[in-house]
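*Asks:* Copied straight from TrEMBL:
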- 1-27: signal peptide (SIGNAL)
- 36-152: domain 'WxL Interacting Protein peptidoglycan binding' (DOMAIN)
- 166-302: domain 'WxL Interacting Protein host binding' (DOMAIN)
- 313-334: transmembrane segment (TRANSMEM)
Amino acid sequence: MIHKQTIQKSLWLLIALFFFLPRAVQAEEASLNTYVTPLFPESQVDESKGYYELLLPPGQKETLRLEVGNSSSEPINVQVTPHTAYTNTLGNVEYGKDVEEADPSLIHSLDELMTPSEVIALAGNETKVIEIPLQMPKDAFEGYLAGGLRITEVKEEEDSDAPGGEGVAIKNEFAHVVGVVVSNTRDSVQPELELLDVFADQLNYRNVISATLQNFTPTFVNQLAVEATVKRVGENEVLYKAEKEMMQMAPNSNFNFPISLEGDRFRSGNYVLELTATSGENEWSWTREFTIEADEARKLNREDVMIDSGVNWWMIGATILLILMLGLVLYLMWQKKRARESEKEV
C-alpha cells in the first residue's frame, strides 16, 4: 500500500512540473475594416504609382488627400499619422513606423513637416476624404525626404491605469501605409555608405555580431547586397559569416546588419570584421577590428535562448525526485528490518 501511494505521489509531482512550463498563446487574425485611396495633387510626379511622389519648391505648402472608407456595417474610428522612413534590421525600408533614434545625417524629418489628423468617425460603409497638410522646408535640399502616412483603425478600451480603474485609452488596431517621397529637384544623388560600428549584440534573444551600416546620403540605396565574415585577429579561420541580397536603405538612415553566431557562445577577445556591400555598380569594403569583453560575453550568453545556461532544472528536479524515492525505499527497508528484529526478540 505504501509503495502504491509513493508511485501515485511521484506521478502527481511530474504532472505538476509539466503545468509550470510556459505555454504559447495564439491570437486570431483580423482583417482590416478600411480601404484607402490616395488622391494625388498636381505636384505628383507619376500618377501610376500607389504612393505620393511629389516635386515641390522650397517653402511650398501642399495638401495630401486620402479617401478612406469603412467596408464594414459598423461605425469605426480612424486616424492618419505621418512618419519618417528608416531602415530596419532586415534591410527593408519602414514607412509607417518611427525609428528609436534618427540617423545624425538626417536634416529634415518628414513627419515634422506634416500634421496628423484628428481621430475621425466613419459610419458603416461611409467614405471620407482626410486632408494632411505638408509644409516644405524653406531651404532647398538635395535628394529625397521619405516617409509615409499610416491610416489606423483605433478603438477605445478601458484604461486600468486611470484613477479608480476608470478611463478611456486609444488602442491602435490595424493599419494601411501609403508612402510619401518629396524632393525639390529631379537631380540624382550618388549613394554613399559608411561602416559606423561593430559590436557584440543580440537579435530576438540570439547572439549576433552587429555591423552598423549608414547611408548618409539623401537617396535610396537599392538592391543592396552585403557579405561579411568574422575572424579572430591574426587568424585565418572564418568563425562566423553572413550574406544577404535585395535589401534597401532609406535616405539618411542606418541599420545593424546581423551576423549570427548560430547558437554559439560569445568568447572574449579581439576580432576582425571584413564586410563588402554592393548596390548596382557601387561597391564599398571595410576591415574593422573590435573587442568583446569578458563581462559583456557572459551577460549576452546568459540572455541567449539558444544557449544552455548550465542549469538544467528538469535534471535537478528529476535528481531530487530520485533521491527522495531512494530515501523512502531505504527508510521502508530499514523499518522492515527493524520490525523483523523486534519479532525475533519476542
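Even glycines carry a Cβ here, placed using N, Cα and C.
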*Asks:* Which whole-number mean pLDDT does the model give the domain 'WxL Interacting Protein host binding' (166-302)?
*Replies:* 95
*Asks:* What does DSSP give as the helix, strand and coil breakdown of the domain 'WxL Interacting Protein peptidoglycan binding' (36-152)?
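*Replies:* Summed by class, the stretch gives 4 helix, 53 strand, 60 coil.
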*Asks:* Using DSSP, tally how many residues of the domain 'WxL Interacting Protein host binding' (166-302) sit in helix, strand and coil.
*Replies:* 9 helix, 87 strand, 41 coil
